[in-house]
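Data first, discussion second: the structure below is written as C-alpha coordinates.
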(Lines of atoms letter the chains of each structure in order from A and count residues from 1; the text may use other names and numbers.)
(Lines give C-alpha, C1' and ligand atoms only; values in the text may rest on other atoms or scores of the structure.)
Protein backbone atom coordinates (compact mmCIF):
# COMPACT_ATOMS: atom_id res chain seq x y z
CA UNK A 1 0.00 0.00 0.00
CA UNK A 2 1.03 3.52 -0.73
CA UNK A 3 1.54 5.26 2.59
CA UNK A 4 1.70 8.73 1.13
CA UNK A 5 -1.64 8.50 -0.61
CA UNK A 6 -3.50 10.12 2.24
CA UNK A 7 -1.90 11.80 5.23
CA UNK A 8 -3.15 14.09 7.96
CA UNK A 9 -2.07 16.94 5.73
CA UNK A 10 -4.62 16.06 3.10
CA UNK A 11 -7.54 15.73 5.47
CA UNK A 12 -9.65 18.85 5.84
CA UNK A 13 -12.14 18.73 8.67
CA UNK A 14 -13.73 22.11 8.21
CA UNK A 15 -13.94 23.06 4.57
CA UNK A 16 -15.87 26.22 3.93
CA UNK A 17 -17.57 25.68 0.64
CA UNK A 18 -20.90 26.65 -0.81
CA UNK A 19 -20.81 24.80 -4.10
CA UNK A 20 -19.14 21.93 -5.89
CA UNK A 21 -16.91 24.30 -7.85
CA UNK A 22 -15.97 26.16 -4.73
CA UNK A 23 -15.11 22.94 -2.89
CA UNK A 24 -12.98 21.45 -5.66
CA UNK A 25 -11.26 24.77 -6.15
CA UNK A 26 -10.33 25.03 -2.49
CA UNK A 27 -9.16 21.43 -2.31
CA UNK A 28 -6.89 21.95 -5.33
CA UNK A 29 -5.52 25.06 -3.66
CA UNK A 30 -4.82 23.03 -0.54
CA UNK A 31 -2.99 20.37 -2.56
CA UNK A 32 -0.77 23.17 -3.87
CA UNK A 33 -0.05 24.31 -0.32
CA UNK A 34 1.06 20.83 0.70
CA UNK A 35 3.20 20.56 -2.45
CA UNK A 36 1.27 17.84 -4.25
CA UNK A 37 0.64 19.89 -7.36
CA UNK A 38 2.58 22.66 -9.09
CA UNK A 39 -0.39 23.88 -11.01
CA UNK A 40 -3.62 23.86 -9.00
CA UNK A 41 -5.68 25.65 -11.63
CA UNK A 42 -4.90 23.04 -14.28
CA UNK A 43 -5.64 20.29 -11.79
CA UNK A 44 -8.94 22.00 -11.05
CA UNK A 45 -9.77 22.12 -14.71
CA UNK A 46 -8.91 18.41 -15.18
CA UNK A 47 -11.21 17.45 -12.31
CA UNK A 48 -14.10 19.62 -13.39
CA UNK A 49 -13.75 18.29 -16.93
CA UNK A 50 -14.33 14.78 -15.60
CA UNK A 51 -17.13 16.06 -13.40
CA UNK A 52 -18.84 17.61 -16.41
CA UNK A 53 -19.21 14.19 -18.04
CA UNK A 54 -21.04 12.55 -15.19
CA UNK A 55 -21.45 13.74 -11.63
CA UNK A 56 -19.38 11.79 -9.12
CA UNK A 57 -21.98 12.07 -6.40
CA UNK A 58 -21.98 8.69 -4.69
CA UNK A 59 -24.89 8.82 -2.26
CA UNK A 60 -24.59 8.89 1.55
CA UNK A 61 -23.69 12.59 1.40
CA UNK A 62 -20.46 11.69 -0.37
CA UNK A 63 -18.88 12.78 -3.65
CA UNK A 64 -15.75 11.37 -5.24
CA UNK A 65 -14.25 13.82 -7.76
CA UNK A 66 -11.22 12.20 -9.39
CA UNK A 67 -8.95 12.37 -12.40
CA UNK A 68 -5.75 11.15 -13.92
CA UNK A 69 -3.84 14.35 -14.43
CA UNK A 70 -0.45 15.63 -15.53
CA UNK A 71 -0.69 18.26 -12.87
CA UNK A 72 -0.31 16.09 -9.81
CA UNK A 73 3.09 14.90 -8.60
CA UNK A 74 2.11 11.61 -6.99
CA UNK A 75 -1.12 9.73 -6.32
CA UNK A 76 -3.01 11.62 -3.65
CA UNK A 77 -6.32 11.31 -1.85
CA UNK A 78 -7.72 14.40 -0.21
CA UNK A 79 -10.62 14.16 2.22
CA UNK A 80 -12.79 17.14 3.06
CA UNK A 81 -15.68 17.51 5.46
CA UNK A 82 -17.85 20.47 4.66
CA UNK A 83 -18.29 22.74 7.65
CA UNK A 84 -21.17 24.86 6.58
CA UNK A 85 -24.52 23.39 5.74
CA UNK A 86 -24.52 20.59 3.19
CA UNK A 87 -24.73 21.92 -0.33
CA UNK A 88 -26.07 20.35 -3.45
CA UNK A 89 -23.35 18.64 -5.47
CA UNK A 90 -25.08 18.25 -8.77
CA UNK A 91 -28.69 18.30 -9.82
CA UNK A 92 -31.34 17.45 -7.27
CA UNK A 93 -31.14 15.76 -3.92
CA UNK A 94 -27.42 15.36 -3.87
CA UNK A 95 -26.50 16.92 -0.55
CA UNK A 96 -22.82 16.54 0.15
CA UNK A 97 -20.93 16.53 3.41
CA UNK A 98 -17.87 14.37 2.59
CA UNK A 99 -15.65 14.80 -0.43
CA UNK A 100 -12.95 12.39 -1.51
CA UNK A 101 -10.73 13.86 -4.18
CA UNK A 102 -8.40 11.35 -5.84
CA UNK A 103 -5.83 12.25 -8.44
CA UNK A 104 -2.93 10.30 -9.86
CA UNK A 105 -0.29 11.27 -12.43
CA UNK A 106 -0.56 9.68 -15.86
CA UNK A 107 1.75 6.73 -16.36
CA UNK A 108 2.71 4.73 -19.44
CA UNK A 109 0.49 1.87 -18.49
CA UNK A 110 -2.84 3.54 -17.85
CA UNK A 111 -4.66 0.27 -17.39
CA UNK A 112 -2.27 -0.84 -14.68
CA UNK A 113 -2.59 2.56 -13.02
CA UNK A 114 -6.36 2.41 -12.99
CA UNK A 115 -6.34 -1.04 -11.51
CA UNK A 116 -3.81 -0.11 -8.88
CA UNK A 117 -5.93 2.85 -7.77
CA UNK A 118 -9.25 1.05 -7.75
CA UNK A 119 -8.90 -0.14 -4.19
CA UNK A 120 -9.28 3.43 -2.96
CA UNK A 121 -12.84 3.99 -4.02
CA UNK A 122 -13.64 0.36 -3.54
CA UNK A 123 -12.86 0.93 0.13
CA UNK A 124 -14.78 4.17 0.19
CA UNK A 125 -17.81 2.37 -1.20
CA UNK A 126 -17.73 -0.09 1.65
CA UNK A 127 -17.18 2.61 4.24
CA UNK A 128 -20.06 4.80 3.20
CA UNK A 129 -22.44 1.88 3.23
CA UNK A 130 -22.10 1.77 7.05
CA UNK A 131 -23.98 4.40 8.99
CA UNK A 132 -21.63 4.13 11.96
CA UNK A 133 -18.68 5.16 9.74
CA UNK A 134 -20.60 8.15 8.44
CA UNK A 135 -21.42 9.13 12.01
CA UNK A 136 -17.78 8.71 13.02
CA UNK A 137 -16.62 10.98 10.19
CA UNK A 138 -19.31 13.48 11.02
CA UNK A 139 -18.22 13.77 14.64
CA UNK A 140 -14.46 13.28 14.30
CA UNK A 141 -12.43 15.98 15.95
CA UNK A 142 -8.99 14.94 14.77
CA UNK A 143 -7.64 13.99 11.35
CA UNK A 144 -6.19 10.81 12.84
CA UNK A 145 -9.66 9.31 13.39
CA UNK A 146 -10.52 9.68 9.75
CA UNK A 147 -7.11 8.48 8.64
CA UNK A 148 -7.37 5.36 10.80
CA UNK A 149 -10.79 4.42 9.53
CA UNK A 150 -9.64 4.78 5.92
CA UNK A 151 -6.35 2.95 6.37
CA UNK A 152 -8.05 0.06 8.09
CA UNK A 153 -10.38 -0.40 5.16
CA UNK A 154 -7.59 0.04 2.58
CA UNK A 155 -5.59 -2.69 4.26
CA UNK A 156 -8.52 -5.06 4.33
CA UNK A 157 -9.22 -4.46 0.66
CA UNK A 158 -5.64 -4.85 -0.49
CA UNK A 159 -5.23 -8.11 1.42
CA UNK A 160 -8.38 -9.73 0.14
CA UNK A 161 -7.78 -8.65 -3.42
CA UNK A 162 -8.07 -11.79 -5.49
CA UNK A 163 -6.64 -10.85 -8.85
CA UNK B 1 -37.27 -17.42 -32.37
CA UNK B 2 -39.76 -14.59 -32.15
CA UNK B 3 -39.61 -11.68 -34.55
CA UNK B 4 -38.37 -9.37 -31.87
CA UNK B 5 -35.52 -11.64 -30.82
CA UNK B 6 -34.53 -11.96 -34.42
CA UNK B 7 -34.48 -8.21 -34.82
CA UNK B 8 -32.27 -7.84 -31.78
CA UNK B 9 -30.07 -10.63 -33.11
CA UNK B 10 -29.64 -8.94 -36.48
CA UNK B 11 -28.83 -5.63 -34.82
CA UNK B 12 -26.31 -7.21 -32.49
CA UNK B 13 -24.67 -9.01 -35.38
CA UNK B 14 -24.62 -5.82 -37.43
CA UNK B 15 -23.05 -3.90 -34.58
CA UNK B 16 -20.49 -6.63 -34.11
CA UNK B 17 -19.59 -6.61 -37.82
CA UNK B 18 -19.34 -2.85 -38.03
CA UNK B 19 -17.29 -2.88 -34.83
CA UNK B 20 -14.68 -4.84 -36.75
CA UNK B 21 -14.64 -2.40 -39.65
CA UNK B 22 -15.13 1.00 -38.04
CA UNK B 23 -11.76 1.24 -36.23
CA UNK B 24 -10.08 0.49 -39.56
CA UNK B 25 -11.88 3.07 -41.68
CA UNK B 26 -8.68 5.10 -41.81
CA UNK B 27 -6.93 2.22 -43.58
CA UNK B 28 -9.81 2.00 -46.06
CA UNK B 29 -9.46 5.70 -46.76
CA UNK B 30 -5.70 5.31 -47.28
CA UNK B 31 -6.33 2.49 -49.69
CA UNK B 32 -9.13 4.44 -51.35
CA UNK B 33 -6.95 7.47 -51.93
CA UNK B 34 -4.13 5.41 -53.39
CA UNK B 35 -6.58 3.53 -55.59
CA UNK B 36 -8.46 6.59 -56.80
CA UNK B 37 -5.23 8.36 -57.66
CA UNK B 38 -2.88 5.79 -59.08
CA UNK B 39 -4.70 2.91 -60.77
CA UNK B 40 -4.60 2.94 -64.59
CA UNK B 41 -8.08 4.47 -64.72
CA UNK B 42 -7.36 6.81 -61.77
CA UNK B 43 -6.73 10.53 -61.75
CA UNK B 44 -2.94 10.42 -62.03
CA UNK B 45 -2.10 6.88 -63.13
CA UNK B 46 1.22 5.75 -61.75
CA UNK B 47 2.46 2.21 -62.19
CA UNK B 48 5.14 2.47 -59.52
CA UNK B 49 2.73 3.56 -56.82
CA UNK B 50 -0.28 1.50 -57.83
CA UNK B 51 1.54 -1.69 -56.74
CA UNK B 52 0.21 -0.81 -53.29
CA UNK B 53 -3.40 -1.29 -54.34
CA UNK B 54 -3.58 -5.08 -54.69
CA UNK B 55 -1.67 -6.20 -51.58
CA UNK B 56 -3.48 -3.65 -49.45
CA UNK B 57 -6.97 -4.81 -50.32
CA UNK B 58 -6.13 -8.50 -50.53
CA UNK B 59 -3.94 -8.73 -47.43
CA UNK B 60 -3.82 -5.62 -45.26
CA UNK B 61 -7.48 -4.70 -44.95
CA UNK B 62 -8.75 -8.23 -44.23
CA UNK B 63 -5.92 -8.71 -41.72
CA UNK B 64 -6.88 -5.51 -39.92
CA UNK B 65 -10.50 -6.62 -39.80
CA UNK B 66 -9.51 -10.07 -38.57
CA UNK B 67 -7.20 -8.54 -35.99
CA UNK B 68 -9.91 -6.24 -34.69
CA UNK B 69 -12.47 -9.05 -34.72
CA UNK B 70 -10.15 -11.28 -32.73
CA UNK B 71 -9.51 -8.46 -30.29
CA UNK B 72 -13.22 -7.89 -29.72
CA UNK B 73 -13.66 -11.52 -28.74
CA UNK B 74 -10.39 -12.42 -27.06
CA UNK B 75 -8.46 -9.26 -26.17
CA UNK B 76 -4.87 -8.72 -27.29
CA UNK B 77 -4.10 -12.42 -27.59
CA UNK B 78 -7.32 -12.96 -29.49
CA UNK B 79 -6.27 -10.20 -31.88
CA UNK B 80 -3.06 -11.98 -32.81
CA UNK B 81 -4.85 -15.30 -33.23
CA UNK B 82 -7.51 -13.54 -35.31
CA UNK B 83 -4.92 -12.08 -37.67
CA UNK B 84 -3.14 -15.40 -38.14
CA UNK B 85 -6.44 -17.18 -38.76
CA UNK B 86 -7.45 -14.54 -41.27
CA UNK B 87 -4.35 -15.30 -43.30
CA UNK B 88 -5.91 -18.70 -43.96
CA UNK B 89 -9.03 -17.27 -45.60
CA UNK B 90 -7.02 -14.66 -47.49
CA UNK B 91 -5.09 -17.40 -49.24
CA UNK B 92 -8.14 -19.57 -49.78
CA UNK B 93 -9.39 -17.46 -52.67
CA UNK B 94 -8.15 -14.72 -54.93
CA UNK B 95 -10.91 -12.23 -54.13
CA UNK B 96 -10.67 -9.80 -51.20
CA UNK B 97 -11.83 -11.83 -48.22
CA UNK B 98 -13.60 -9.28 -46.02
CA UNK B 99 -16.49 -11.57 -45.20
CA UNK B 100 -14.06 -14.39 -44.48
CA UNK B 101 -12.00 -12.14 -42.23
CA UNK B 102 -15.15 -11.23 -40.30
CA UNK B 103 -15.62 -14.92 -39.54
CA UNK B 104 -12.01 -16.03 -39.18
CA UNK B 105 -10.89 -13.16 -36.90
CA UNK B 106 -13.47 -13.69 -34.17
CA UNK B 107 -13.07 -17.47 -34.59
CA UNK B 108 -9.34 -17.24 -33.82
CA UNK B 109 -10.02 -14.94 -30.89
CA UNK B 110 -12.68 -17.28 -29.56
CA UNK B 111 -10.36 -20.32 -29.62
CA UNK B 112 -7.69 -18.47 -27.64
CA UNK B 113 -10.24 -17.17 -25.18
CA UNK B 114 -11.61 -20.66 -24.55
CA UNK B 115 -8.10 -22.05 -24.11
CA UNK B 116 -7.15 -19.29 -21.69
CA UNK B 117 -10.28 -19.91 -19.67
CA UNK B 118 -9.58 -23.64 -19.55
CA UNK B 119 -6.02 -23.31 -18.26
CA UNK B 120 -6.62 -20.26 -16.08
CA UNK B 121 -4.91 -20.75 -12.73
CA UNK B 122 -3.47 -24.14 -13.73
CA UNK B 123 -0.14 -23.00 -15.11
CA UNK B 124 2.89 -23.38 -12.86
CA UNK B 125 4.33 -20.02 -11.78
CA UNK B 126 7.21 -19.03 -14.03
CA UNK B 127 5.86 -20.87 -17.05
CA UNK B 128 3.15 -18.37 -17.99
CA UNK B 129 5.15 -16.68 -20.73
CA UNK B 130 6.18 -19.97 -22.30
CA UNK B 131 2.67 -21.39 -22.20
CA UNK B 132 1.14 -18.15 -23.43
CA UNK B 133 3.36 -17.84 -26.48
CA UNK B 134 3.31 -21.48 -27.49
CA UNK B 135 -0.40 -21.94 -26.90
CA UNK B 136 -1.11 -18.92 -29.06
CA UNK B 137 1.27 -20.15 -31.74
CA UNK B 138 -0.10 -23.66 -31.83
CA UNK B 139 -3.77 -22.69 -31.71
CA UNK B 140 -3.35 -19.95 -34.31
CA UNK B 141 -1.50 -22.35 -36.62
CA UNK B 142 -4.38 -24.81 -36.37
CA UNK B 143 -7.10 -22.21 -36.88
CA UNK B 144 -5.23 -20.79 -39.88
CA UNK B 145 -5.22 -24.22 -41.51
CA UNK B 146 -8.92 -24.68 -40.70
CA UNK B 147 -9.64 -21.28 -42.20
CA UNK B 148 -7.69 -22.10 -45.35
CA UNK B 149 -9.35 -25.47 -45.84
CA UNK B 150 -12.87 -24.89 -44.49
CA UNK B 151 -13.94 -21.26 -44.12
CA UNK B 152 -12.31 -20.10 -47.34
CA UNK B 153 -14.15 -22.49 -49.65
CA UNK B 154 -17.48 -21.72 -47.92
CA UNK B 155 -17.07 -18.02 -48.55
CA UNK B 156 -15.94 -18.65 -52.12
CA UNK B 157 -18.98 -20.89 -52.59
CA UNK B 158 -21.26 -18.19 -51.26
CA UNK B 159 -19.74 -15.69 -53.66
CA UNK B 160 -20.21 -18.03 -56.61
CA UNK B 161 -23.80 -18.73 -55.57
CA UNK B 162 -24.56 -15.02 -55.43
CA UNK B 163 -22.99 -14.62 -58.83
CA UNK B 164 -25.21 -17.28 -60.36
CA UNK B 165 -28.27 -15.80 -58.60
CA UNK B 166 -27.55 -12.48 -60.25
CA UNK B 167 -26.99 -14.26 -63.56
CA UNK B 168 -30.40 -15.96 -63.27
CA UNK B 169 -32.21 -12.66 -62.67
CA UNK B 170 -30.48 -11.12 -65.66
CA UNK B 171 -31.53 -14.10 -67.79
CA UNK B 172 -35.13 -13.65 -66.66
CA UNK B 173 -35.00 -9.99 -67.77
CA UNK B 174 -36.03 -8.73 -64.33
CA UNK B 175 -33.07 -6.42 -64.09
CA UNK B 176 -34.28 -4.03 -61.32
CA UNK B 177 -34.78 -7.03 -59.02
CA UNK B 178 -31.08 -7.70 -59.24
CA UNK B 179 -30.58 -4.95 -56.65
CA UNK B 180 -32.15 -7.20 -54.03
CA UNK B 181 -29.10 -9.43 -54.31
CA UNK B 182 -26.47 -6.92 -55.30
CA UNK B 183 -26.91 -4.33 -52.58
CA UNK B 184 -26.79 -6.69 -49.56
CA UNK B 185 -23.86 -8.52 -51.15
CA UNK B 186 -22.01 -5.24 -51.48
CA UNK B 187 -22.45 -4.57 -47.78
CA UNK B 188 -20.68 -7.86 -47.09
CA UNK B 189 -17.78 -6.59 -49.19
CA UNK B 190 -18.59 -8.81 -52.13
CA UNK B 191 -18.88 -5.75 -54.38
CA UNK B 192 -15.74 -6.40 -56.39
CA UNK B 193 -16.55 -10.07 -56.70
CA UNK B 194 -19.98 -9.25 -58.11
CA UNK B 195 -18.90 -6.42 -60.31
CA UNK B 196 -15.83 -7.98 -61.81
CA UNK B 197 -17.07 -11.55 -61.58
CA UNK B 198 -20.53 -11.08 -63.04
CA UNK B 199 -21.30 -7.69 -64.50
CA UNK B 200 -18.04 -6.86 -66.23
CA UNK B 201 -18.00 -10.07 -68.33
CA UNK B 202 -21.72 -9.68 -69.18
CA UNK B 203 -21.15 -6.03 -70.00
CA UNK B 204 -18.12 -6.75 -72.14
CA UNK B 205 -20.17 -9.14 -74.28
CA UNK B 206 -22.94 -6.63 -74.72
CA UNK B 207 -20.78 -3.60 -75.35
CA UNK B 208 -18.83 -5.51 -78.01
CA UNK B 209 -22.17 -5.99 -79.78
CA UNK B 210 -23.90 -2.63 -79.27
CA UNK B 211 -21.18 -0.25 -78.04
CA UNK B 212 -22.23 -0.10 -74.40
CA UNK B 213 -23.96 -1.90 -71.58
CA UNK B 214 -26.33 -1.22 -68.72
CA UNK B 215 -24.51 -3.86 -66.67
CA UNK B 216 -21.72 -1.39 -66.03
CA UNK B 217 -24.25 0.84 -64.27
CA UNK B 218 -25.64 -1.56 -61.70
CA UNK B 219 -23.08 -2.16 -58.98
CA UNK B 220 -21.06 0.97 -59.75
CA UNK B 221 -23.86 3.51 -59.22
CA UNK B 222 -22.75 5.54 -56.20
CA UNK B 223 -26.28 6.90 -55.70
CA UNK B 224 -27.66 4.37 -53.17
CA UNK B 225 -24.66 4.64 -50.86
CA UNK B 226 -24.62 8.41 -51.16
CA UNK B 227 -28.28 8.55 -50.11
CA UNK B 228 -27.58 6.62 -46.91
CA UNK B 229 -24.57 8.77 -46.01
CA UNK B 230 -26.54 11.95 -46.66
CA UNK B 231 -29.33 10.63 -44.46
CA UNK B 232 -26.82 10.07 -41.65
CA UNK B 233 -25.47 13.59 -42.20
CA UNK B 234 -28.79 15.38 -42.15
CA UNK B 235 -31.03 13.23 -39.98
CA UNK B 236 -28.65 11.19 -37.82
CA UNK B 237 -26.89 12.15 -34.62
CA UNK B 238 -23.71 11.17 -32.87
CA UNK B 239 -20.34 10.12 -34.23
CA UNK B 240 -21.77 8.27 -37.21
CA UNK B 241 -23.35 11.44 -38.50
CA UNK B 242 -20.19 13.47 -37.97
CA UNK B 243 -18.01 11.09 -39.95
CA UNK B 244 -20.60 10.60 -42.69
CA UNK B 245 -19.70 13.80 -44.52
CA UNK B 246 -16.06 12.81 -44.99
CA UNK B 247 -17.17 9.31 -45.95
CA UNK B 248 -19.57 10.65 -48.55
CA UNK B 249 -16.78 12.57 -50.32
CA UNK B 250 -14.52 9.51 -50.45
CA UNK B 251 -17.45 7.42 -51.61
CA UNK B 252 -19.06 9.72 -54.18
CA UNK B 253 -16.05 11.45 -55.70
CA UNK B 254 -13.40 8.88 -54.90
CA UNK B 255 -15.61 5.94 -55.86
CA UNK B 256 -14.61 3.85 -52.85
CA UNK B 257 -17.94 2.27 -51.95
CA UNK B 258 -16.45 0.24 -49.09
CA UNK B 259 -16.64 3.41 -46.98
CA UNK B 260 -20.40 3.33 -46.60
CA UNK B 261 -20.83 -0.39 -45.81
CA UNK B 262 -20.16 -0.02 -42.06
CA UNK B 263 -22.85 2.62 -41.81
CA UNK B 264 -25.35 0.04 -43.01
CA UNK B 265 -23.93 -2.74 -40.85
CA UNK B 266 -24.54 -0.40 -37.91
CA UNK B 267 -28.23 -0.22 -38.72
CA UNK B 268 -28.94 -3.26 -40.92
CA UNK B 269 -32.46 -2.14 -41.79
CA UNK B 270 -30.87 0.50 -44.02
CA UNK B 271 -30.16 -2.23 -46.53
CA UNK B 272 -33.76 -1.61 -47.59
CA UNK B 273 -32.74 1.94 -48.50
CA UNK B 274 -29.88 0.92 -50.76
CA UNK B 275 -32.01 -1.77 -52.40
CA UNK B 276 -34.71 0.80 -53.13
CA UNK B 277 -32.10 3.24 -54.38
CA UNK B 278 -30.40 0.60 -56.51
CA UNK B 279 -33.69 -0.51 -58.08
CA UNK B 280 -34.54 3.10 -58.88
CA UNK B 281 -31.21 3.63 -60.59
CA UNK B 282 -31.49 0.46 -62.64
CA UNK B 283 -35.09 1.27 -63.61
CA UNK B 284 -34.19 4.77 -64.80
CA UNK B 285 -31.39 3.40 -66.94
CA UNK B 286 -33.55 0.61 -68.31
CA UNK B 287 -36.43 2.90 -69.34
CA UNK B 288 -34.13 5.48 -70.92
CA UNK B 289 -31.93 2.83 -72.52
CA UNK B 290 -28.86 4.41 -70.95
CA UNK B 291 -25.57 2.55 -70.82
CA UNK B 292 -21.86 2.97 -70.28
CA UNK B 293 -19.22 2.24 -72.91
CA UNK B 294 -16.78 0.56 -70.50
CA UNK B 295 -16.66 -0.48 -66.86
CA UNK B 296 -16.17 2.58 -64.64
CA UNK B 297 -13.48 2.02 -62.09
CA UNK B 298 -13.54 3.07 -59.35
CA UNK B 299 -17.30 3.67 -59.02
CA UNK B 300 -17.04 7.43 -58.64
CA UNK B 301 -19.34 9.98 -60.19
CA UNK B 302 -16.44 11.13 -62.39
CA UNK B 303 -15.67 7.66 -63.70
CA UNK B 304 -19.33 7.07 -64.49
CA UNK B 305 -19.55 10.44 -66.24
CA UNK B 306 -16.47 9.74 -68.36
CA UNK B 307 -17.77 6.33 -69.43
CA UNK B 308 -21.20 7.66 -70.43
CA UNK B 309 -22.23 7.47 -74.08
CA UNK B 310 -21.86 10.62 -76.15
CA UNK B 311 -24.59 13.27 -76.15
CA UNK B 312 -27.46 12.76 -73.78
CA UNK B 313 -25.78 9.78 -72.08
CA UNK B 314 -24.03 11.97 -69.53
CA UNK B 315 -27.32 13.56 -68.46
CA UNK B 316 -29.02 10.18 -68.19
CA UNK B 317 -26.20 8.73 -66.10
CA UNK B 318 -26.24 11.67 -63.72
CA UNK B 319 -30.03 11.46 -63.56
CA UNK B 320 -29.90 7.78 -62.61
CA UNK B 321 -27.36 8.54 -59.87
CA UNK B 322 -29.46 11.41 -58.55
CA UNK B 323 -32.67 9.35 -58.61
CA UNK B 324 -31.00 6.46 -56.80
CA UNK B 325 -29.52 8.80 -54.19
CA UNK B 326 -32.83 10.58 -53.64
CA UNK B 327 -34.83 7.39 -53.11
CA UNK B 328 -32.14 5.86 -50.91
CA UNK B 329 -31.93 9.09 -48.91
CA UNK B 330 -35.67 9.23 -48.31
CA UNK B 331 -35.96 5.63 -47.19
CA UNK B 332 -32.85 5.84 -45.00
CA UNK B 333 -34.00 9.13 -43.48
CA UNK B 334 -37.29 7.55 -42.44
CA UNK B 335 -35.53 4.65 -40.72
CA UNK B 336 -32.96 6.87 -39.03
CA UNK B 337 -35.60 9.38 -37.96
CA UNK B 338 -37.76 6.59 -36.63
CA UNK B 339 -35.18 5.80 -33.98
CA UNK B 340 -35.81 9.40 -32.82
CA UNK B 341 -32.67 10.60 -34.54
CA UNK B 342 -30.60 8.88 -31.91
CA UNK B 343 -28.21 6.08 -32.50
CA UNK B 344 -29.77 2.76 -31.54
CA UNK B 345 -27.38 2.44 -28.61
CA UNK B 346 -27.96 5.93 -27.32
CA UNK B 347 -31.65 5.42 -27.58
CA UNK B 348 -31.60 2.29 -25.47
CA UNK B 349 -29.31 3.97 -22.98
CA UNK B 350 -31.67 6.90 -22.76
CA UNK B 351 -34.65 4.63 -22.28
CA UNK B 352 -32.89 2.68 -19.57
CA UNK B 353 -31.96 5.85 -17.76
CA UNK B 354 -35.50 7.16 -17.94
CA UNK B 355 -36.71 3.89 -16.50
CA UNK B 356 -34.08 4.08 -13.78
CA UNK B 357 -35.02 7.64 -12.94
CA UNK B 358 -38.69 6.81 -12.81
CA UNK B 359 -38.04 3.85 -10.56
CA UNK B 360 -35.83 5.97 -8.35
CA UNK B 361 -38.52 8.59 -8.05
CA UNK B 362 -40.96 5.95 -6.94
CA UNK B 363 -38.42 4.45 -4.58
CA UNK B 364 -38.51 1.15 -6.45
CA UNK B 365 -35.70 -0.72 -8.12
CA UNK B 366 -35.10 -0.30 -11.83
CA UNK B 367 -36.01 -3.25 -13.98
CA UNK B 368 -33.05 -5.13 -15.42
CA UNK B 369 -33.59 -6.96 -18.70
CA UNK B 370 -35.60 -10.10 -18.28
CA UNK B 371 -33.55 -12.50 -20.39
CA UNK B 372 -30.57 -12.67 -18.03
CA UNK B 373 -29.75 -15.96 -16.41
CA UNK B 374 -27.01 -17.07 -14.08
CA UNK B 375 -25.69 -19.79 -16.36
CA UNK B 376 -24.70 -17.49 -19.19
CA UNK B 377 -23.20 -14.67 -17.14
CA UNK B 378 -19.64 -15.18 -15.96
CA UNK B 379 -18.21 -11.70 -15.91
CA UNK B 380 -19.73 -8.33 -15.14
CA UNK B 381 -17.75 -5.16 -15.70
CA UNK B 382 -18.73 -1.87 -14.11
CA UNK B 383 -17.15 0.75 -16.35
CA UNK B 384 -16.60 4.47 -16.18
CA UNK B 385 -14.43 7.07 -17.79
CA UNK B 386 -11.29 6.77 -15.71
CA UNK B 387 -11.84 3.24 -14.45
CA UNK B 388 -10.79 4.05 -10.92
CA UNK B 389 -13.53 6.15 -9.42
CA UNK B 390 -17.20 5.58 -9.92
CA UNK B 391 -16.73 2.13 -11.39
CA UNK B 392 -14.59 0.97 -8.47
CA UNK B 393 -17.34 1.92 -6.05
CA UNK B 394 -20.11 0.41 -8.13
CA UNK B 395 -18.18 -2.83 -8.65
CA UNK B 396 -17.61 -3.13 -4.92
CA UNK B 397 -21.27 -2.78 -4.08
CA UNK B 398 -22.27 -5.25 -6.79
CA UNK B 399 -19.49 -7.72 -5.93
CA UNK B 400 -20.68 -7.88 -2.33
CA UNK B 401 -24.24 -8.49 -3.43
CA UNK B 402 -23.16 -11.18 -5.90
CA UNK B 403 -21.12 -12.93 -3.24
CA UNK B 404 -23.94 -12.71 -0.72
CA UNK B 405 -26.21 -14.37 -3.25
CA UNK B 406 -23.65 -17.17 -3.66
CA UNK B 407 -23.19 -16.55 -7.38
CA UNK B 408 -20.01 -17.54 -9.23
CA UNK B 409 -19.67 -14.34 -11.22
CA UNK B 410 -16.58 -12.21 -11.57
CA UNK B 411 -17.25 -8.50 -10.96
CA UNK B 412 -14.54 -6.01 -11.85
CA UNK B 413 -14.26 -2.35 -12.73
CA UNK B 414 -12.55 -0.91 -15.78
CA UNK B 415 -12.20 2.20 -17.87
CA UNK B 416 -14.48 2.14 -20.89
CA UNK B 417 -11.45 2.28 -23.15
CA UNK B 418 -10.07 -0.89 -21.58
CA UNK B 419 -13.18 -3.02 -22.12
CA UNK B 420 -12.25 -6.26 -23.82
CA UNK B 421 -14.64 -8.92 -22.69
CA UNK B 422 -17.64 -9.12 -20.44
CA UNK B 423 -21.07 -10.66 -20.46
CA UNK B 424 -22.65 -7.60 -18.90
CA UNK B 425 -21.32 -4.06 -18.87
CA UNK B 426 -22.84 -1.54 -16.48
CA UNK B 427 -22.29 2.16 -17.09
CA UNK B 428 -23.95 5.40 -16.15
CA UNK B 429 -26.52 6.33 -18.74
CA UNK B 430 -24.44 9.19 -20.08
CA UNK B 431 -21.58 6.81 -20.89
CA UNK B 432 -23.53 3.81 -22.16
CA UNK B 433 -23.30 4.72 -25.83
CA UNK B 434 -19.52 4.90 -25.65
CA UNK B 435 -19.33 1.60 -23.79
CA UNK B 436 -21.53 -0.05 -26.39
CA UNK B 437 -19.39 1.21 -29.19
CA UNK B 438 -16.33 -0.15 -27.42
CA UNK B 439 -17.71 -3.60 -26.66
CA UNK B 440 -20.78 -4.33 -28.79
CA UNK B 441 -20.75 -8.04 -27.97
CA UNK B 442 -21.72 -7.53 -24.33
CA UNK B 443 -25.08 -6.85 -22.84
CA UNK B 444 -25.21 -3.25 -21.66
CA UNK B 445 -27.13 -1.92 -18.69
CA UNK B 446 -27.43 1.74 -17.82
CA UNK B 447 -27.59 2.94 -14.28
CA UNK B 448 -28.68 6.36 -13.05
CA UNK B 449 -26.42 6.57 -10.04
CA UNK B 450 -23.63 4.01 -9.68
CA UNK B 451 -24.33 3.62 -5.98
CA UNK B 452 -27.98 2.78 -6.58
CA UNK B 453 -28.27 -0.33 -4.41
CA UNK B 454 -31.77 -1.04 -5.69
CA UNK B 455 -30.49 -1.47 -9.23
CA UNK B 456 -27.86 -3.98 -8.15
CA UNK B 457 -30.34 -5.88 -5.94
CA UNK B 458 -32.66 -6.19 -8.88
CA UNK B 459 -29.86 -7.32 -11.18
CA UNK B 460 -28.70 -9.96 -8.70
CA UNK B 461 -32.23 -11.26 -8.24
CA UNK B 462 -32.44 -11.73 -12.02
CA UNK B 463 -29.17 -13.64 -12.04
CA UNK B 464 -29.95 -16.08 -9.26
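Glycine is no exception: its Cβ is also placed from the backbone N, Cα and C atoms.
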Which of these ranges is annotated transmembrane segment in TrEMBL: B:245-268, B:269-292, B:341-364?
B:269-292
State the residues, same chain only, that lie 6 or more residues beyond the ends of the transmembrane segment (B:21-43) and have a CB under 8 A from a CB inside it; answer 'none' if no residue qualifies.
49-50, 52-53, 56-57, 60-61, 64-65, 68, 243, 247, 250, 254-256, 258-259, 261-262, 265-266, 296-298, 300, 303
Going by DSSP assignments with H, G and I as helix and E and B as strand, what are the residue counts for the domain 'PTS EIIB type-2' (B:378-464)?
39 helix, 22 strand, 26 coil
Could you please provide the mean pLDDT value for the domain 'PTS EIIC type-2' (B:13-343)?
84
